[in-house]
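Asker: Below are the features listed in Swiss-Prot for this protein:
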- K556: ubiquitin cross-link (CROSSLNK)
- S2: N-acetylserine (MOD_RES)
- S20: phosphoserine (MOD_RES)
- S551: phosphoserine (MOD_RES)
- S603: phosphoserine (MOD_RES)
- 605-639: region 'Disordered' (REGION)
Amino acid sequence: MSKAVGIDLGTTYSCVAHFSNDRVDIIANDQGNRTTPSFVGFTDTERLIGDAAKNQAAMNPANTVFDAKRLIGRNFNDPEVQGDMKHFPFKLIDVDGKPQIQVEFKGETKNFTPEQISSMVLGKMKETAESYLGAKVNDAVVTVPAYFNDSQRQATKDAGTIAGLNVLRIINEPTAAAIAYGLDKKGKEEHVLIFDLGGGTFDVSLLSIEDGIFEVKATAGDTHLGGEDFDNRLVNHFIQEFKRKNKKDLSTNQRALRRLRTACERAKRTLSSSAQTSVEIDSLFEGIDFYTSITRARFEELCADLFRSTLDPVEKVLRDAKLDKSQVDEIVLVGGSTRIPKVQKLVTDYFNGKEPNRSINPDEAVAYGAAVQAAILTGDESSKTQDLLLLDVAPLSLGIETAGGVMTKLIPRNSTIPTKKSEVFSTYADNQPGVLIQVFEGERAKTKDNNLLGKFELSGIPPAPRGVPQIEVTFDVDSNGILNVSAVEKGTGKSNKITITNDKGRLSKEDIEKMVAEAEKFKEEDEKESQRIASKNQLESIAYSLKNTISEAGDKLEQADKDAVTKKAEETIAWLDSNTTATKEEFDDQLKELQEVANPIMSKLYQAGGAPEGAAPGGFPGGAPPAPEAEGPTVEEVD
């Protein structure tokens, strides 16, 4: 059984799954949740990832990072990044044209790249899988939106590397959902529309599935529409209501906003199954309690335009794939936001009453498919995966600039990848000594409106009239969507090439290695912290336990002995209260001192047969402190 997993790295939540014995397991995290918030929190003492980070976001907004997926592989001055910055409670800074997140961590200011933040979330998913499978997990298939361009895909791959994962492949989320769905669909050709409305992004894809072969026909979407936008509508609605009722504006207070947002997210989820729900937040702002309620109808009205706008990309993919909506055989809903009844109704009505499929949990479908793909790539011999072949597509057209700034496409969008295309070009002027090959991605006719991926020079062309030299340009896109462009002058055989992993966005090998080392360091610190806490808990538990045992010992011990142990135990408890941040060694030393006083006296009690069963916790009698893993309480304090 392979230990390869599928990871859905989402904007707001992530999910990990594993395929074995012909079935997929969605793996729950240490909190028992099948999805984990894509949040990382930094405090004075530790780094938190997932639920723990999200739960403290209200108290620590400036140092709790989320939505890293909106930043990954982008430039700082990208309009999307600039727009998002206004809404982030944490600070973004410009480092060599790339966004980095600045936080206070353990008393110092630290900068992290979006890749590092995503790698922490991926690391958390890796640990979740490891504790469930009871073995190391190295290989993973990680998913990205169909819309992600080259540098975003590459940056996601880098994040996996930093987390210590070997990323077998980056696959499109809708493709993954289709695999989850298509495993058992063998036979005639079917057109499947994947409608994926997640926490932060919206993607629609049209696939054809035939004999286990998947082909993506078209993709469209909105990188900025999802559950968070519906939460925002609720948040704004309640800010206005609070203003009306209390004549106060709470939108200036980050903590109040965060608490309100958490309540709104909860209310939204409740409204998917109930017609109305109440929102109750004690002391929300300036000591004022906020108690109110909201109905499903009001929520639908607040988000009406957003819900309606989800149909535009649906129309676009049908146009691109040249299909009528009646030719769509199956509709698959993916992403937690498709649980909203109004969204389901809009989709059903658009397809003239055709019911969408919901057999797979919408927020788990992508990880499910990624796990199947991981099993295939690591050679799982299951009959279920035997005949499955995956064809992905290039999300945007790829081409080069020709005379007059024209975009000449070599690979049109929605081409199946991996793919390779060649075309012959020539010089534009007589005796031109070289050509500049500029590679663009995008759909516009002029290159200035498209996205420059990279460029290189092919020089040393022998003097000749214009149009005579033959320069063959080859575009080769591999299965991860990474592009190699080469050019050869046929007369001389001179050639040059470029691998486009979007250099501007690409982390260098050194950067990645540095970040991998840093990730290891953080992991060690996290482990150190949990060992420190274990020692502290153990000391506390033993001190209290001794106190209790002594108070119940009655006349089996002399008063002086009882006093000695009680006094030492109380001293220890007092010391604990005033030294919560002590090191593991200090806790262990205190335990030694406590045992030096208590052990001889406790031995007397045992000989007198006085200690109740299990009263004396680990290490009695016996001098050395036991290993904290083995002893001490195994439950954690909850907030």
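Quick reminder: no glycine exception, Cβ is built from N, Cα and C everywhere.
Show me how these features fit into the structure around them.
Answerer: Its Cβ taken as reference, K556 (ubiquitin cross-link) is surrounded by 16 other Cβ atoms within 10 Å in the chains shown.
In three-state terms derived from DSSP, S20 (phosphoserine) belongs to an extended strand segment.
The Cβ of S551 (phosphoserine) has 10 neighbouring Cβ atoms from other residues within 10 Å, across all protein chains displayed.
In the three-state DSSP reading, S603 (phosphoserine) counts as helix.
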Asker: Of all the recorded positions given, namely S20, S551, K556, which is spatially nearest to S603 (phosphoserine) at the Cα level?
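Answerer: Going through S20, S551, K556 one by one, the closest to S603 (phosphoserine) is K556.
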Asker: Could you state the CA-to-CA distance between S20 (phosphoserine) and K556 (ubiquitin cross-link) to the nearest Å?
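Answerer: Between the Cα atoms of S20 (phosphoserine) and K556 (ubiquitin cross-link), the distance comes to 59 Å.
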Asker: Using DSSP with the three-state reduction, classify K556 (ubiquitin cross-link) as helix, strand or coil.
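Answerer: Helix, per DSSP.
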